[in-house]
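Features reported for this protein in Swiss-Prot:
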DOMAIN    29-216  domain 'BPL/LPL catalytic'
BINDING   Arg71, Gly76, Ala77, Val78, Phe79, Lys134  ATP binding site
BINDING   Lys134  (R)-lipoate binding site
Amino acid sequence: MSTLRLLISDSYDPWFNLAVEECIFRQMPATQRVLFLWRNADTVVIGRAQNPWKECNTRRMEEDNVRLARRSSGGGAVFHDLGNTCFTFMAGKPEYDKTISTSIVLNALNALDVSAEASGRNDLVVKTAEGDRKVSGSAYRETKDRGFHHGTLLLNADLSRLANYLNPDKKKLAAKGITSVRSRVTNLTELLPEITHEQVCEAITEAFFAHYGERVEAEIISPDKTPDLPNFAETFARQSSWEWNFGQAPAFSHLLDERFTWGGVELHFDVEKGHITRAQVFTDSLNPAPLEALAGRLQGCLYRADMLQQECEALLVDFPEQEKELRELSTWIAGAVR
């Protein structure tokens, strides 16, 4: 029986693909070597210890239907579209070795007539007239008996959108968490205009087989039928949840301020695990009572636009004469925390 396993996803859903990856990693025998090939439609993928409000333009992502996905490995934030090819190599210890998987990807690129080299801990770069340019970034995860290396290759990604979603709004955010390092990148189509996702997957697969001296049939993973993976439904539910993607952010503070015709408002939030642990409101409004009441209501509230809006609008029952001010406040807060 082969010790290799090759899986190819036909889904572009980042939560589905990351849930598949997690399930395979947890249940694979320690003697198995796995290659998983996949890609995501418009998604910002953040590292396990990152703060999405710090890393991403969450408001623009929501407007453009770009998903947020938190992965289980460390590292920085990346934007995925269908111009990216994603790969995951898994193996049990002591055989797990990220230099092996890196060399497999380099061999695959070489077979496609792309001369690339490893740079730093995580990147693959190519030489261009403008200097070295990154075409691949990676992240890693290890447990006591196994490890994985996953990464992306930029084929024909819309690089302008990287800046759209990975440059966060200039919010007054004092946040802990790992900040992403921005690198100069290029697409492989700059070197090979006709290159496709299918060609890259085939090249990586062949390099994988060549390294281990074995071949195996590909398993196609599809959301049309629930994958036969232990605990997949629960893993997918967690991977797609707000609590995981946003709520796992490290503790941070957020300061919001705005001047309305009826007065200035300053809000101070402390947020832990996606919940407001402390809310302070300062205002020069002639009637501060609704804002003082709001501070009390927001304690323990989920740090989510719809929940904050709900708490603002709940005050209309007690302060109906200030409906105009409260609706303005509600709309502003909801926009400011997206």
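Cβ coordinates are placed from backbone N, Cα and C, and glycine is handled just like the others.
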Max CA-CA distance, Å, over listed ATP-binding residues Arg71, Gly76, Ala77, Val78, Phe79, Lys134: 21
DSSP three-state assignment for Gly76 (ATP binding site): coil
Cβ neighbours within the same chain of Arg71 (ATP binding site) - under 8 Å, at least six residues apart: Leu18, Val45, Ile46, Gly47, Arg48, Ala139, His150
Neighbour tally for Gly76 (ATP binding site), based on other Cβ positions within 10 Å of its Cβ: 19
